[in-house]
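The next block holds one structure in the form of structure tokens; read it before the comments.
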Amino acid sequence: MADPQATNGTGAVCAERDASDVGDVSDVGDARDEGAGRVVAVRGAVVDVAFDGGALPALNEALTIPVDGAAPILAEVHAHLSDAAVRALALGPTGGLRRGAAVRATGGPIRVPVGDAVLGRLLSVTGAPGDDGAALAADVERRPIHRGAPLLAEQKSANALFATGIKVIDLLAPLAQGGKAAMFGGAGVGKTVFVMELIHAMVERYRGISVFAGIGERSREGHEMLLDMRGSGVLGRTVLVYGQMNEPPGARWRVPLTALAIAEYFRDERAQNVLLLMDNVFRFVQAGAEVSGLLGRLPSRVGYQPTLASEVAALQERIASVEGAAVTAIEAVYVPADDFTDPAVTAIAAHVDSMVVLSRAMAAEGMYPAIDPVASSSILLDPLVVGEAHVEVAIEVRRVIEHYRELQDVIALLGIDELGADDRRLVGRARRLQRFLTQPFAVTEAFTGQAGASVEIADTIAGCRAILRGDCDDWRESSLYMVGTLDDARRKEAAAREADARREAAAAASGAGPGTTSDPASGSAEPQGARHGR
């Protein structure tokens, strides 16, 4: 029999294991009770358990393993190795676990608390409170984390707009109420801030329930989000479910299912709209790859698990709306090395209605939210859904910005003055559109000192139409930067002109003469890196 603690020489657990590697079934001793077993091998997060007598626990059934001086370890069955042994994945640290430890099958899958008792709470993958609040009542209702998607006849199509108040989203990549949207971006481009702003929008606009699944993210970010939600007053209608990056892969892999079980309860039993936010779905795939390796499966492309497509589909298909209640999913997706052809990214993208692409170049220029207006898209951008006027403005905005990008190499080499009059005019309007599509967020008020702005779709369309028409050609670009509506920009422009007039008057009175004011076409306060030659 192979050494139960054998490794591959690098500290990683050997993947080549079979039923003969489980350990001697006689180690079970006298544990002949129904559902009772003994640990016969421990390899990191993988625990092999032998049962003597009675039926084996079913796949996905939960097992509890008492540990001296610590909370019991919860594990989940993932393979039947023989007629008397199973392989389980521990959802917590296995330190202190030893061969021969007693194991008890629970008779069903992991069950987590649901209902009003979990609102405003931070939970682990098993539903245990992770905040400084009181323990949950023993009689709180619980639901299994494993469940099928609603029947097709029960599902409702997502064709109603989910207005976010974020201009670039509502105009160019509108979200569906009851649909799925994903934000794709590399590290440090603002995915988490964007998720928090959407939670704020849900609470303010729809008075619904928000369920946030933190999958494999930093503990510091999770703590900051908890404090921010408390400070902003949105925590009372939000449930936070965390599986941090320091936790075993099994916990990170099952966190989305725990969040889904809670969201499904409010959808089915309370008929309430739910905003389900997941940050980060790539970490779910990553945890699945770790689990696959621990269970001895051969990897597929780029080291991902061979079941990548089916695992992503099983998760995404459960996110569904029914008559009377909608589950709207917003998913942050990390793009490794900014490679949008990565198998994990393409597998997730196949299931979403709206794709929001966050651009590192936009972030470098200070254009926040750093959403690429050309690469982002939505199936809802259709005249039958949003109307002809909306689609016409969105198409023209994309065309103008895309043409400006095509001219940027020429501008960098020769300068903007070498362009024709029409192209110079288009470049000016494209730059003003880019700045108008920025806006301050409510969740960043404490850092920027600028009040957040939520803009109606009609105001966004009217503002973009005015810029495309040339109504703002003589405005400073800085007047359109980080504002809400065009009226806000108009007031900002008027204030800047008044300030220039006062400076000119003061300069004339002192004899210095005019000529020290900023260029009214470009403004003096534009974001770093936003000059024409960039």
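Backbone N, Cα and C define each Cβ position, glycine as well.
Listed in Swiss-Prot for this protein:
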- Gly185, Gly186, Ala187, Gly188, Val189, Gly190, Lys191, Thr192: ATP binding site (BINDING)
- 494-505: compositional bias 'Basic and acidic residues' (COMPBIAS)
- 494-534: region 'Disordered' (REGION)
What same-chain residues, at least 6 away in sequence, bring their CB to under 8 Å of the CB of Val189 (ATP binding site)? Leu358, Ser359, Arg360, Met362, Ala363, Ala370
Just to be sure I understand the packing, how many Cβ atoms besides its own are within 10 Å of the Cβ of Ala187 (ATP binding site)? 11
Additional residues around ATP, ordered along the sequence, whose Cβ is within 8 Å of the centroid of Gly185, Gly186, Ala187, Gly188, Val189, Gly190, Lys191, Thr192: Tyr334, Leu358, Ala363, Ala370
Lowest local Cβ density (other Cβ within 10 Å) among binding-site residues: Gly185, Gly186: Gly186
Using CB atoms and a 10 A radius, I'd like the single residue among the binding-site residues Gly188, Gly190 with the highest neighbour count. Gly190
Spatial neighbours of Thr192 (ATP binding site) that are distant in sequence (at least 6 apart) but have CB under 8 A: Glu217, Glu221, Met225, Asp279, Ala332
Cβ proximity for Lys191 (ATP binding site), under 8 A, sequence spacing 6+, ordered by residue number, returns Met183, Gly185, Asp279, Asn280, Ala332, Tyr334, Leu358
